[in-house]
């Protein structure tokens, strides 16, 4: 049976007509009755402007074979998307021509009018509104109906149709590649009722995808693939690619893309989280780590952990020399420099070195005269914020640091630490010349000047010189009437308030400094230190003439007088 396409001038032949591909000789006759066959048995026919080739039917798959017999009860049409009863598909629409008697299935199950009928083609469903499978030129009997096409053919070994593809001949449909089945991006399978009944396409099997379904973006944007388009991983055209396999239950519809409101007009720079937890340079940026106690936020989680040690009192970093503990490793490194004597930060103007960079910055303000921190009460300015805080406590009389041993309070933490050495007897600062040790560094400096006979501090009133500035300040009060401290019990006057406090203990009997070994108490810390040497056997004061050592400086002075008397 022959039909003529309305617009293309191509002659469509039924697959099962005597002159079709099913002839025993494997030949195809043109309208003039001529037959052409190449060396390998492949048949080529030229009609109008179109060329197509039909492969030779393999042995055993002729239409006369029992597996391919349309009248056989086992035969079922193989197009799963060819459903005459689906909406929009009218089997009686104008232009519909029923298939030839040789092709029409005889069993009730294959009757197009039967409700149980389902087309078996696994890959073809026309989606274009203007192209129906039953429109002229779209019959299954067309020479271009080929289930064996790489993208749409049945994989069942019992059935292989030899036509090169199923191509609609309607004027609005234009095939992209006759050898690769339907290539137009408009002809995609969207039918949710798609159900494969072939034994090769049951649940869990694989079925091929068309090249357009491999590229969902071309579907969304309406881009039609070109015949000359090549894949990115090879130079062969799209039509020559092998079929893709995909699970049968997969959705073949193109995904929907949401258009951005402003996809290209971007401003600023987007930065991802880096080493510092996404915090931007300059201290600005997100601070996602929030302290659950005080609510302070931090850009890095490690900084939050360090901050929380303020609340918990945890000090995991311990000095191996003195066993002092710190909450941060940087504080431990700074502390260790007090034992090693390392001073890596040096002033470029005077050459003075410091163990901490903050001390160097503070020192450099002495050269520049810069004092940015001003007291709001008296207007006095300071070069460092810690000096200002210390000064402000003189106005508020605040003493937040108290000794746990004796309860004495101090306005500075450093003063409390120096005081606690009185109770522990610790004297970490020793003289390099005589070996004498001190609990405070400030006491070691004037002692070192005593060996050099250096007295850099001179009284402006009388010209007397002193080795310590504190001693000069005490002396200066003697020239200022009314700047003395008198005892309210006996009326005795003193130049220093600390001396008055020590004197008052003679009236009250208070002995706050107690020996940890024998329990003996003293009213002065210096007396307790001298007493500690009785238990330790320490003799830091050594005679330069005979080498004899003493535990107290007064004993050394008394001994040196014996040598002076002998020289006379």
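Cβ coordinates are placed from backbone N, Cα and C, and glycine is handled just like the others.
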To which of the residue ranges 258-280, 373-395 does Swiss-Prot assign the term zinc finger?
373-395
Given the candidates 36, 368, 418, specify the residue that Swiss-Prot annotates with phosphoserine.
36
Pick from 17, 210: which one does Swiss-Prot list as phosphoserine?
17
Candidate annotated as phosphoserine in Swiss-Prot, where the set is 156, 191
191
Contact set of the zinc finger (401-423) with the rest of its chain, CB cutoff 8 A exclusive, min separation 6+ beyond the ends, reads 390, 393-394, 439-440, 512-514, 516, 525, 528-529
By a 10 Å Cβ neighbour count, the lowest-scoring of the modified residues 327, 470 is 470
Determine the Cβ neighbour count for residue 312 (phosphothreonine): the number of other Cβ atoms within 10 Å of its Cβ.
9
Please identify the stretch among 317-339, 345-367, 429-451, 485-507, 513-535 with the greatest number of Cβ pairs below 8 Å relative to the zinc finger (373-395).
345-367
Secondary-structure category, per DSSP, in which residue 470 (phosphoserine) falls:
helix
